[in-house]
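According to TrEMBL, the protein carries these features:
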{"type": "DOMAIN", "residues": "1-58", "note": "domain 'Fibronectin type-III'"}
{"type": "DOMAIN", "residues": "64-159", "note": "domain 'Fibronectin type-III'"}
{"type": "DOMAIN", "residues": "163-252", "note": "domain 'Ig-like'"}
{"type": "DOMAIN", "residues": "259-353", "note": "domain 'Fibronectin type-III'"}
{"type": "DOMAIN", "residues": "359-454", "note": "domain 'Fibronectin type-III'"}
{"type": "DOMAIN", "residues": "460-557", "note": "domain 'Fibronectin type-III'"}
{"type": "DOMAIN", "residues": "561-646", "note": "domain 'Ig-like'"}
{"type": "DOMAIN", "residues": "657-751", "note": "domain 'Fibronectin type-III'"}
{"type": "DOMAIN", "residues": "757-817", "note": "domain 'Fibronectin type-III'"}
Amino acid sequence: RESDHRAWTPVSYTVTRQNATVQGLTEGKAYFFRIAAENIIGMGPFTETTKEIVIRDPITVPDRPEDLEVKAVTKNSVTLTWNPPKYNGGSDITMYVLESRLIGKEKFHRVTKEKMLDRKYTVEGLKEGDTYEYRVSACNIVGQGKPSFCTKPITCKDEIAPPSLDLDFRDKLIVRVGEAFSLTGRYSGKPAPKVTWLKDYTVVKEDDRTKIKTTPTTLCLGILKSVREDSGKYCVTVENSTGSRKGFCQVNVVDRPSPPVGPVIFDEVHKDHMVVSWKPPLDDGGSEITNYIIEKKDAHRDMWMPVTSATVKTTCKIPKLLEGKEYQIRIYAENLYGISDPLISDEMKAKDRFRVPDAPEQPVIKDVTKDSAVVVWNKPYDGGKPITNYIVEKKETMATRWVRVTKDPIFPGTQFKVPDLLEGCQYEFRVSAENEIGVSDPSPPSKPIFARDPIAKPSPPVNPEAVDKTKNSVDLSWQPPRHDGNGKIIGYLVEYQKVGDEEWKKANLTADSCPETKYKVTGLTEGLTYKFRVKAVNAAGESEPAYVPDPVEVKDRLEPPELILDANMAREQHVKAGDTLRLSAVIKGVPFPKVSWKKEDREVSPKADIEVTGVGSKLEIRNTVHEDGGIYSLTVENPAGSKTVSVKVVVLDKPGPPRNLQVSEVRSDSCYLTWMEPEDDGGSVITNYVVERKDVASAQWVAISSSSKKRSHMAKYLIEGTQYLFRVAAENQFGRGPYVETLKPIKAIDPLHPPGPPKNLHHVDVDKTEVSLVWNRPDRDGGAEITGYLVEYQEDGADEWTKFQTVPMLDCVVTGL
């Protein structure tokens with residue numbers, strides 16, 4: 001019976017075995033079964049299955065999974081996918097088991113312990129360079145089925161594939177203004193490429209209208225509501241480390257054109273027609289203008305009448321006008337995508353407009369000779385009536401009156417040869433045009449020209465030669481050309497060429513920078529050899545070159561130094577103190593010598609100004625003092641030699657102070673002074689000495705001698721007992737030198753001598769320890785009052801005298817004996 005029914009249904013009538021096959025069951029339904037035994041007596045009790053049985057096919061392990069594939073490989077991971085087995089064994093798949101085996105090993109190892117139901121898995125943490133193979137098995141309630149077929153051996157390394165690009169758009173795309181467009185495609189590459197969009201080589205950025213969408217395999221650039229500015233060359237670049245691919249599309253966003261550019265110009269106006277012109281639109285809408293639509297209307301009516309709609313020219317004849325009426329013209333531009341807004345003209349009256357011709361443009365003068373010139377001009381606008389004659393006039397530049405060059409008509413040619421010019425005079429020319437209405441205004445005057453035969457190029461310069469040289473320059477000289485080509489020589493072009501080279505280089509860029517027949521070529525390289533040539537230039541151009549005959553080696557020309565002494569460099573130079581000392585000499589030598597000044601073989605004083613020019617040298621000392629005197633030497637030296645000159649400079653000055661002033665033979669009314677001549681006589685003979693004295697109590701010095709040539713003097717008339725100072729100075733023709741003064745005052749007294757011995761020394765009393773002595777005054781006091789007497793005693797038999805004391809009187813008691 002079915003599990004949800006109560007009624008039992010018999011399966012068979014007679015079964016003799018202990019098993020039976022029940023047929024006709026429904027798959028998926030649950031049933032109970034019961035069995036009873038039967039003999040001839042009857043049927044025994046039923047035995048029933050304890051639980052329901054669901055009818056289904058027998059359950060086995062699943063088949064092997066299918067299509068195991070490697071999707072991605074890096075240096076440390078592998079990504080695999082697979083499909084489920086064709087048969088799950090009668091039970092749902094509960095999980096998959098992924099296994100790997102390192103090539104060289106025998107056993108497979110399970111990759112993950114987790115329960116895995118997804119059919120995609122990335123194995124990570126692998127070692128770069130190792131090679132593995134993989135297999136996968138499916139599990140159901142019964143168990144694990146057979147493994148899939150193994151993958152090929154997979155080596156762990158980063159996959160590299162150059163980019164590929166498959167575009168959905170063509171090389172050119174035309175879009176109407178306001179419409180959207182998109183550029184799409186697919187790409188691939190490993191590692192994943194970078195996608196860049198450019199427009200006219202500028203990176204495209206997203207905004208409200210511009211959208212960029214990139215997936216791992218697709219790319220898209222979309223632009224909403226396109227405008228004309230979206231036109232351009234679009235480029236998509238797909239790039240990775242292995243290379244790049246590019247795709248291009250020229251997008252043209254098209255629209256109707258902008259209006260023609262005004263104003264409308266009325267080129268011709270007649271009583272029954274007009275000719276108008278205009279300029280094309282600034283923007284043709286991205287498509288060529290197919291035609292212009294021209295309409296006209298009476299200025300006082302509102303109805304526009306068609307003139308033509310089939311012209312591509314920017315000029316049009318407006319016919320069928322009524323004389324005297326005012327008209328307006330309206331012009332549209334049209335392309336494949338529409339018609340522009342109109343350009344409307346000003347009002348113009350239909351009537352004939354004839355007038356005298358316009359003034360011709362400024363004429364050009366050519367083929368000038370000493371007595372003729374050809375005047376050339378362009379035909380001007382004829383004013384609506386044909387030109388019938390041209391009038392050519394001339395005048396001298398400094399004059400004011402214009403004169404016709406001929407009374408004959410000049411037509412139809414637009415040039416005329418003017419005869420009868422005066423050689424050397426300067427002329428200007430002008431032209432007028434004439435039609436049946438009258439004569440036009442004259443043209444602007446031509447540029448002034450001189451009536452002289454045409455100038456030819458000059459002949460070459462004559463005899464160029466190298467006249468001097470240094471280590472980086474060469475001086476050239478030449479004579480003017482024999483023929484100047486009837487034109488003033490503007491100047492000369494000098495060129496040089498290193499021997500071995502083919503190219504000539506210009507030493508001067510313009511001829512007027514070298515008007516003379518000489519030039520110094522600078523910037524050359526020492527030791528190299530050069531060729532030189534010179535061209536003469538006049539208004540007609542450059543002459544043929546004249547060559548310096550021989551190549552020139554660039555090096556210093558050696559000439560030993562030479563000194564030409566000025567008068568102030570005589571053997572001895574005298575200069576008065578306070579004046580300026582000047583020593584100078586002219587110096588020659590190639591290369592220019594090195595100049596050095598010395599004084600007594602040492603550097604000259606810092607106060608000396610030394611100037612060295614290209615032709616000489618000068619030493620100057622202002623406000624000279626005596627110490628500036630000495631022997632000065634000037635040395636000039638170059639690689640060819642050296643030369644030295646010397647001059648003795650004497651600075652004439654007052655003498656120095658006398659030396660070693662001594663005072664002797666002092667008396668009460670005189671003393672004797674002596675001294676030595678000064679070390680420095682100031683460069684001139686000492687003429688006399690000045691001797692002065694001064695009482696120490698006075699501030700005033702008194703001269704006692706001013707004309708003595710001797711180096712001694714007896715100072716007389718001193719006041720006895722007074723203290724004096726003395727000083728002496730030397731004089732020469734330049735003045736009096738400084739004084740030398742006595743170091744300490746001298747007292748005017750006679751010289752002193754020791755007094756004579758006391759007389760008649762004897763004792764008058766004796767005690768056991770003392771003796772009383774008396775004596776008389778000496779015969780002489782030595783020139784000064786006696787101030788005391790020194791008493792000494794000596795023990796009998798001893799050598800030494802012992803001082804006792806000095807007493808003022810003529811007696812003394814010696815105690816302590």
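A Cβ is built for glycine as well, from the same backbone N, Cα and C atoms used for every other residue.
Of the ranges 64-159, 561-646, 757-817, the one with the most Cβ pairs under 8 Å to the domain 'Fibronectin type-III' (1-58) is 64-159.
Summarised by DSSP class, the composition of the domain 'Fibronectin type-III' (757-817) is 0 helix, 29 strand, 32 coil. Sorting the domain 'Fibronectin type-III' (1-58) by DSSP state (H, G, I as helix; E, B as strand; all else coil) yields 0 helix, 16 strand, 42 coil. Secondary structure counts, DSSP: the domain 'Fibronectin type-III' (460-557) has 3 helix, 44 strand, 51 coil.
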